[in-house]
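**Q** Marked as transmembrane segment by TrEMBL: 42-72, 84-111, 131-156, 168-187, 217-244, 280-301, 313-338. If you look up TrEMBL, you'll see 63-337 marked as domain 'G-protein coupled receptors family 1 profile'.
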Amino acid sequence: MSISHLLGNNSTYSLKESVNLPITTPSTWVQYAQIVSDEQWYIFQVVNAVVIAGLLSLFGVASNIINIVVFAKQGFQDSMNISLMGLAVADLCSLVTMIWISICMNPLFYFSELPFDSTDILYLTGSTPHVLFVKIATFITAFITFERCLCIAVPLKVKTIITPRRTKTIIISIYITIPILIIPFILGHRFEWVFDFTRNATILRSTYTADREMLEAITFLALGVFATTFSFVFVICCTIVLIVKLNSKTKWRQATAAKSDRAAEGVGVKDQKVVKMVTLIAVIFIVCAVPPTLLFFYMAIDPSFRFFGVYKNLYLIFWTSSFLTETVNSSVNIFVYLKMSSKYRAVFMKTFWNKEEK
C-alpha cells in the first residue's frame, strides 16, 4: 500500500477481485505463493488496517489538534516551537489520510454500491498523500534533531545559526520539496470513468499511463530509497552526537560544581531530563521508522516483492503493519510533550483544564 506498491502492477486491482473481475485485462498475471491465504489477509486487514489503525488515527488527530493549539498559544518567537508546529501539522495530515485508508479498506464501505471503487482510488487519494506527509514529518524530525544537536554542540552560536526566520524557511521548503519528488509518480496515474460490467454501471477508477513504471521507479528511488535512508541515518547520527555531548557536559559541570553538592545535583537533573526527552523522541521515531525503511530496502533488491509479486498477501501485511507503526509515531508525541516540557504542560493545563500548573 506504499507509494511504490504497484511498481510491478500491469492492471487495475480491487480488493474485491475474488468477487469481481478486474475491469482491465492484465498483460501478465503472476501466480503468488500462498504463505498468507486470502482469508488470513482479509482478517488481518479488518483488524489491523480498519479497527486498530482507524481508532489510533482518530486519537492522533485529536492529539495533534491539541498540539497545534498549544504551540500557537506559545507563539513563534522560538525556532523550536516553529519546528514542532510544522511537525504537528504534518502528523495531523498523515493521520487524516490514514482514517480515509481505514474507511476505504472497511468491507462495509467497499462492498457498498458507490460511484467509485474505493479500494482502487485509495491508492491515489489515501496511500500516496499518507506517504507524502509521513516523509514531510520525517524530514522535520531530522531538522529538529539537528537543531537540538547544535544547541548542545555550539550553544553560544546556535541562536545566530538557527533563527526563527530561517526555521520558517526550512520548514516551508520541506513542505514544498517533498511534493515535488512525488510529481513523477502522480504523472503516471489518473482518474477515469470506466464501465464496470459486474455492476452494469460507470464508476470512477484509477488508470495508468504508458510510462507509469518508469515514473514510479524515479519516485521510488528518490523518495523511497535515498530520501528515506538519508533522513533515517541523519536522525540516528544527530541523536548519538547529542547524547554524547550532553553526557560529557554533564560530567564536566558536575566536576566544576564539586564544591556545591546542591548545584551539581541541579545541573545533573536538568541535563538528564533533556537526555531522556531526546532519547525518547529518537527511540519512538527510529523504532517506528524501521519497518518501512527495511521494506523499501528489500523492495530495492527484490523486484518480485511487489503488489502483484509472488508474495502479494504477505507484502500487503507488511505494508499495512508499517502504516500502523507510522500512525503510532504520529500520535504519541503529545505524551512526550506533557511529560518532558513544562512550558507545554503549563499552556495545556491552562487552555484545556483552566488550571495553573503547580
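Including glycine, each Cβ sits where the backbone N, Cα and C put it.
Annotations in TrEMBL come from automatic prediction, not curation.
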**Q** The transmembrane segment (84-111): which same-chain residues, six or more beyond its ends, come within Cβ distance under 8 Å?
**A** 1, 14-16, 42, 45-46, 49-50, 53-54, 57-58, 60-61, 64-65, 67-68, 71-72, 76, 117-119, 121-122, 125-127, 129-130, 133-134, 136-137, 140-141, 144, 171, 174-175, 323, 326-327, 330-331, 333, 337
**Q** Could you name the stretch, out of 131-156, 168-187, 313-338, with the greatest number of CB pairs under 8 A to the transmembrane segment (42-72)?
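**A** So the stretch in question is 313-338.
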**Q** Do any residues of this chain, six or more beyond the ends of the transmembrane segment (131-156), have a C-beta under 8 angstroms from a C-beta of it, and if so which?
**A** 2-3, 79-80, 83-84, 86-87, 90-91, 93-94, 97, 162, 167, 170-171, 174-175, 178-179, 182, 223, 227-228, 231-232, 234-235, 238-239, 241-242, 245-246, 249, 278, 281-282, 285, 289, 326, 329-330
